[in-house]
Amino acid sequence: MKAVIFAYHDMGCQGVQAVLDAGYDIAAIFTHADNPAENTFFGSVSRLAAGLGIPVYAPDNVNHPIWVDRIAELAPDIIFSFYYRNLLSEEILHLAPAGAFNLHGSLLPAYRGRAPLNWVLVNGESETGVTLHRMVKRADAGEIVASQRVAIAQDDVALTLHHKLCQAARQLLNSILPTMKCGDIPSVPQRESDATYYGRRRPEDGLIDWHKPVSTVHNLVRAVAAPWPGAFSYNGSQKFTIWSSRICPDAQGALPGSVISVSPLRVACADGALEIITGQAGDGITVQGSQLAQTLGLVAGARLNRPPATSGKRRIRVLILGVNGFIGNHLTERLLNEENYEVYGMDIGSNAISRFLLHPRFHFVEGDISIHSEWIEYHVKKCDVVLPLVAIATPIEYTRNPLRVFELDFEENLRIIRYCVKYRKRVVFPSTSEVYGMCTDASFDEDKSNLIVGPVNKPRWIYSVSKQLLDRVIWAYGEKEGLRFTLFRPFNWMGPRLDSLNAARIGSSRAITQLILNLVEGTPIKLIDGGQQKRCFTDIRDGIEALFRIIVNDGDRCDGKIINIGNPDNEASIQELATLLLDSFDKHPLRCHFPPFAGFQVVESRSYYGKGYQDVAHRKPSIDNARRCLGWEPSIAMRDTVEETLDFFLRSVDVAERAS
């Protein structure tokens with residue numbers, strides 16, 4: 001059986017050798033060129049392949065049509081991936097009649113994604129393993145062929161566990177590859193309800209928070225011990241790395257981060273003390289804990305600390321236009337939770353952001369983007385990342401005020417985009433799920449799905465086409481003038497501060513707010529055209545975390561990308577949403593303050609929105625780009641989101657209004 005292998009790292013070497021030992025004919029091996037900035041402590045697949053006389057390649061983009069054609073010419077019967085770092089396209093996966101199979105370093109479906117070796121130690125797991133699974137478009141989600149468990153000892157660190165996993169992988173492959181070669185390939189679907197997903201880890205993730213439990217700090221030390229970058233802290237401005245540690249249960253009442261003793265070197269955590277066995281100051285040598293204390297000049301009672309803001313670097317300045325809106329105020333909260341961000345914002349109101357107005361890293365001006373163009377241009381020039389979030393985004397306004405929608409959503413935002421081009425600033429632009437229009441795909445793919453809208457005499461499409469045209473203009477500026485951009489497409493985000501009941505009273509709100517108003521006022525819940533339209537509802541916390549990761553832009557992976565942000569698992573019709581909302585309303589402790597439920601009322605869309613309206617039957621995102629670029633997976637169930645949103649609005653109704 002002819003195989004093509006994609007491999008890297010020690011696991012790649014183990015995989016290649018196991019495939020050879022099982023009697024496969026390896027037509028070619030694809031690997032990566034080593035990164036000079038990376039600590040390459042592991043075996044070289046390219047050297048192994050060269051020594052075996054097997055053709056080996058390291059293309060920058062193996063999914064390029066040229067390489068797809070070359071792999072097709074090899075006519076593989078089967079494809080294996082052993083710790084190859086890039087996802088393979090569906091075109092490649094479909095080239096092998098027997099299928100494509102990946103070796104993953106966890107017991108799937110747990111710990112999908114990146115760095116499972118480190119994450120299981122961070123989380124204090126007692127068991128992990130390796131899994132061989134069929135490759136599908138979605139990373140780590142294919143049917144399981146075989147797996148092998150590995151116990152994690154309390155004294156295991158990243159390197160010892162790595163060696164255990166390599167040994168387990170070799171045993172697993174030795175047992176299953178001969179069977180697969182005979183055409184007998186086991187296939188067990190993964191249970192999606194048990195799936196967990198983890199993203200890439202960065203060196204800066206090793207920063208110790210001494211306010212965490214001592215077991216958490218110790219597990220972090222284990223997870224990133226050499227040859228990984230290490231867990232670290234600061235004494236004043238001096239950085240030091242902890243390479244090994246042990247848990248001491250008694251912190252002697254000391255505050256977290258306090259040095260309890262220097263010989264042995266022990267530091268207080270939230271519920272105990274960490275004894276530092278070995279470590280190093282700055283770029284020095286590794287020494288025992290007591291010598292490290294001498295080097296750092298530590299004495300009992302000294303307090304270790306977090307680094308100076310951004311380790312001496314200027315904070316990242318984020319400009320949010322429409323900062324008082326639903327996305328803007330939640331994003332502001334997320335950014336201000338990080339020390340290295342400063343937020344500048346403008347909006348015509350400040351009710352939702354009042355809690356930030358005295359924050360030293362929040363700078364707000366009340367104003368209209370269509371008037372304060374000089375302020376906006378100055379702050380685009382001043383800031384690092386620009387988010388133009390101002391838009392009219394409620395369906396009834398598309399038919400009521402189509403020209404105003406075009407003027408604000410397109411013309412005003414185009415001016416901001418041109419400022420970003422002029423001053424070479426990165427823009428994170430809110431596209432919309434509406435751009436997909438009446439697309440017939442089962443799930444909407446950012447890079448492949450057609451964008452289909454209705455006729456000109458249906459003004460409800462003015463919002464969709466305004467956003468779509470801006471998407472295309474931004475893309476063109478990126479291609480022709482080097483604009484750094486990311487387009488994100490929210491799919492029905494919900495949560496507290498979504499909009500207001502007053503907006504719902506004039507019909508200018510999102511669907512759930514309108515439904516809540518009906519319950520609050522004791523009026524019938526209106527189901528437009530029966531409420532059978534399906535949407536995928538996404539919790540604002542999930543959405544904001546994805547958006548935050550776009551702003552962080554780890555490894556510049558979001559540059560030039562379009563990213564859907566939605567929860568495909570939370571698909572429900574508007575009628576189902578209303579039923580769930582009613583159930584939550586009846587169970588709410590404030591239920592007794594509101595009128596009886598007035599029932600459901602089916603209403604034609606024409607009578608509600610006007611003759612210019614046209615609806616879509618479903619809107620479901622593919623989130624593969626978000627998984628790949630952000631290491632992100634939505635996790636919050638729709639019921640939780642509905643209950644939190646309902647609670648926020650019910651508690652916003654004052655007592656007198658409830659009684660009336």
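Count begins at 1; order follows the chain as displayed.
Every residue gets a Cβ built from N, Cα and C, even glycine.
Summarising the annotation, Swiss-Prot assigns region 'Formyltransferase ArnAFT' to 1-304.
Residues or ranges marked as site 'Transition state stabilizer' in Swiss-Prot (evidence: sequence analysis): Asn102. According to DSSP, Asn102 (site 'Transition state stabilizer') sits within a strand segment. Around Asn102 (site 'Transition state stabilizer'), taking its Cβ as the centre, 26 other Cβ atoms fall within 10 Å, counting all chains.
Note on His104 (active site, proton donor): other Cβ atoms within 10 Å of its Cβ, all shown chains, come to 26. Taken from Swiss-Prot, the feature active site, proton donor covers His104 (among others), and the record attributes it to sequence analysis.
Taken from Swiss-Prot, the feature (6R)-10-formyltetrahydrofolate binding site applies to Arg114, Val136, Lys137, Arg138, Ala139, Asp140, supported by sequence analysis. In the three-state DSSP classification, Val136 ((6R)-10-formyltetrahydrofolate binding site) falls within coil. Neighbour count (other Cβ atoms within 10 Å of the Cβ, all protein chains): 15 for Val136 ((6R)-10-formyltetrahydrofolate binding site).
Feature annotation from Swiss-Prot assigns site 'Raises pKa of active site His' to Asp140; the stated evidence is sequence analysis. Its Cβ placed at the centre, Asp140 ((6R)-10-formyltetrahydrofolate binding site) has 23 other Cβ atoms within 10 Å.
Over the region 'Dehydrogenase ArnADH' (314-660) the predicted model carries a mean pLDDT of 91. Residues or ranges marked as region 'Dehydrogenase ArnADH' in Swiss-Prot: 314-660.
Mapped onto three states, the DSSP output places Ile369 (NAD(+) binding site) in coil. Positions annotated as NAD(+) binding site by Swiss-Prot, on the basis of sequence analysis: Asp347, Asp368, Ile369.
What Swiss-Prot lists as active site, proton donor is Arg619 (among others), and the listing cites sequence analysis. Around Arg619 (active site, proton donor), the same-chain residues at least 6 positions away in sequence with a Cβ under 8 Å from its Cβ are Ser433, Tyr436, Phe444, Phe491, Asn492, Lys534, Arg535, Cys536.
Each of the binding-site residues Arg114, Lys137 was scored by other CB atoms within 10 A of its CB, and the lowest score goes to Lys137. In this structure, the binding-site residues under consideration are Asp347, Asp368, and the one with the smallest number of other Cβ atoms within 10 Å of its Cβ is Asp368. Note: the NAD(+) site is recorded as Asp347, Asp368, Ile369; in the same chain, Leu321, Gly322, Met346, Ile348, Gly367, Ser370, Ile371, His372, Val390 also have Cβ atoms within 8 Å of that site's Cβ centroid.
Counting only residues at least six positions away in the same chain, the Cβ atoms of Leu87, Arg112, Gly113, Asp624, Arg627, Arg628 sit under 8 Å from the Cβ of Ala139 ((6R)-10-formyltetrahydrofolate binding site). Residues Asp347, Asp368, Ile369 are listed as the NAD(+) binders, and the farthest two of them sit 8 Å apart at their Cα atoms.
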